[in-house]
Amino acid sequence: MSIYEHVGVVGSGTMGRGIAESILRSGARVSLYDTRPAALADARASIERNLAKSVQKGQAEATDAAAWLEALTLVDSPEGLAGPGLVIEAVPEVLQIKLEVLRAIEAVVGPEAVIASNTSSIPITRLAEALERPERFLGLHFFNPVPRMGLAEVITPSSTRVDVTEQVRRFVAEQLAKTPIVVEDRPGFVVNFLLVPYLLSAMRMHEQGYASAEDIDAGMRLGCGHPMGPLQLSDLIGLDVVAHIGDAIHSETGDPAFLVPDGLRRMLEAGCLGKKSGSGFYDYSTTA
Ligand SMILES: NC(=O)c1ccc[n+]([C@@H]2O[C@H](COP(=O)([O-])OP(=O)(O)OC[C@H]3O[C@@H](n4cnc5c(N)ncnc54)[C@H](O)[C@@H]3O)[C@@H](O)[C@H]2O)c1
């Protein structure tokens, strides 16, 4: 069931392309905008590959996959976002870029359109303040890889209209078949507020020599039934991303649980970003 038949996505990087793919799979049209043509071409190729894989595995019909891809339009200017009823921004986590992009979106969309930000750590209220119609703006925080992750946080500052929140909640639940959790605008929302201190705490244990990375991870996998231990999970998320979120929440709250350990800073300086760089708490040079 389509709550939004046409959705705009701004930024076609890791998150934007995943968000676009999930929406295409729901049968809606997507207009995907990025300032870099190469990123758009890459995004389209990656979506096409993922759809082809689903067909190969018997998870999707070839005719559906072809129709979904057909419903993707790549646009090279914000003006291409004039039509959609919902526009989701997934541009880099830099306040100034987000503010400029959100104002540009608001200038072209219709007065009834809803605008959402996929930010991980910038307060939604701060972004809302930049807009003429903050009542039609909220946070919509997806998880990577979007097509496979079944959760989205719907973040509602006090400026968001109740019916807008409800419409977006239904979009996530009914159209994307993901579980929405509705959360007030607070640093880290629900998931990162709980997850990041846990990851940083595991890193401190490792740095202080309590136990090896393998044993810390085995402890949480086998002792708590987690699918992955905290250090392996940090490597997967990206150590730079974990540090960035820790810093952002620490600067908002002053809570020492979000202080980034020195050992993590040293790893980042040495270029160890986790799985994507080939090394982190584990070595991926032979598996990457
Ligand atoms: N990567 C994750 O695991 C993750 C998870 C949840 C949320 N987020 C959030 O999602 C957002 C995007 O993160 P990402 O990892 O996809 O970043 P990314 O760097 O992979 O992609 C960002 C894209 O935005 C494009 N862009 C830059 N400036 C632009 C502009 N002015 N207009 C249009 N496009 C522009 C870039 O060319 C790039 O393709 C961030 O706010 C991040 O915090 C990321």
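Quick reminder: no glycine exception, Cβ is built from N, Cα and C everywhere.
Binding of NAD(+) is attributed by TrEMBL to GLY11, SER12, GLY13, THR14, MET15, GLY16, GLU93, LYS98, SER120, ASN144, LYS276, and the same site annotation extends, among ASP34, ASP76, ASP262, to ASP34. When the binding-site residues GLY13, MET15, LYS98 are ranked by how far their Cα is from the Cα of HIS141 (site 'Important for catalytic activity'), MET15 comes first.
Classification of HIS141 (site 'Important for catalytic activity') by DSSP places it within a strand. Across the residues the record lists as binding NAD(+) (GLY11, SER12, GLY13, THR14, MET15, GLY16, ASP34, GLU93, LYS98, SER120, ASN144, LYS276), the two Cα atoms farthest apart are 25 Å from each other.
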